Amino acid sequence: MGHLVSDALTVMRRNLIKIKRVPDLLVFSTMQPIMFVLLFGYVFGSLAGPNAGGYREFMMAGIFAQTIVFGATITGAGLADDMQKGVIDRFRTLPMHPSSVLVGRTLSDVVNNVIVLVVMSLTGLVIGWRIRGSVLDALIAYALMLLFSYAISWIMACIGLKVKAPEIVNNAAFMVIFPLTFIANTFVPAENMPSALKWFAGWNPVSTITHAARERFRNLGAMGGDSAAMREKIEYTWALQHAEIYTLAWVLVVLAIFVPLATRIYARAVAK
């Protein structure tokens, strides 16, 4: 275990140094979230009329969720790029723990998501978003989002190791992630959707992580979600009523399936 930890930290450091040497990677990964915050905050917020400020508070948790899910694709693209350039073959010649490459890669992408969340939070504060819960509540919300992104990273790792081309990873991930992040309560209340989409959104883990974050940030009141009647309308599935429990259970199931799966795919890839 100690060998795995030390090797994984070395790989994580290697990936973070890569960002330092190519700062454009960090610039583009932070500029997109800023653009999303401003675009949704002012363009979509203007549709809310007098309650534009309330909508900005409502949508911030959704933008957080969307961004960390899309950010997890970096894991798959990075692994595919390393496979394509022969970096993995060079790792194979070193006395490294076989799982350290995957663990280090996913951990470095969590660090990248921390930076992105900080930048987005500061941008949100500028446009009027406020954390109305306690500091502990806010930390729990951010921790849940990072755990969620970590689980998604392992799914992306499997895709990246299979396709072995960064461009294909991005295209494949977009086809899955785009509907997941929009057929949800990220930007509009899901209870107003057509029946089939409403059911899907109610059990969508992106919806539950978004709802859990809103609860922790105490932003539900921005759209009238603090009243008992409105809460009953918003929390129309068991998953939304127990958003944190459902999200944590989903994360554990994903990790239990995809960590060993990614490790097996990686072992087969380097054995060729």
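A Cβ is built for glycine as well, from the same backbone N, Cα and C atoms used for every other residue.
In TrEMBL this protein carries:
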TRANSMEM  22-43  transmembrane segment
DOMAIN    24-269  domain 'ABC transmembrane type-2'
TRANSMEM  58-80  transmembrane segment
TRANSMEM  101-127  transmembrane segment
TRANSMEM  139-161  transmembrane segment
TRANSMEM  168-188  transmembrane segment
TRANSMEM  245-267  transmembrane segment
For the transmembrane segment (58-80), out of 139-161, 168-188, 245-267, most C-beta pairs under 8 A are with 139-161
Give residue numbers and ranges for long-range contacts of the transmembrane segment (101-127): same chain, 6 or more residues beyond its ends, CB-CB under 8 A. 4, 7-16, 19, 26, 29-30, 33-34, 36-38, 41-42, 56, 60, 63-64, 67-68, 71-72, 74-75, 78-79, 82, 88, 91, 142, 145-146, 149-150, 153-154, 157, 259, 262-263, 266
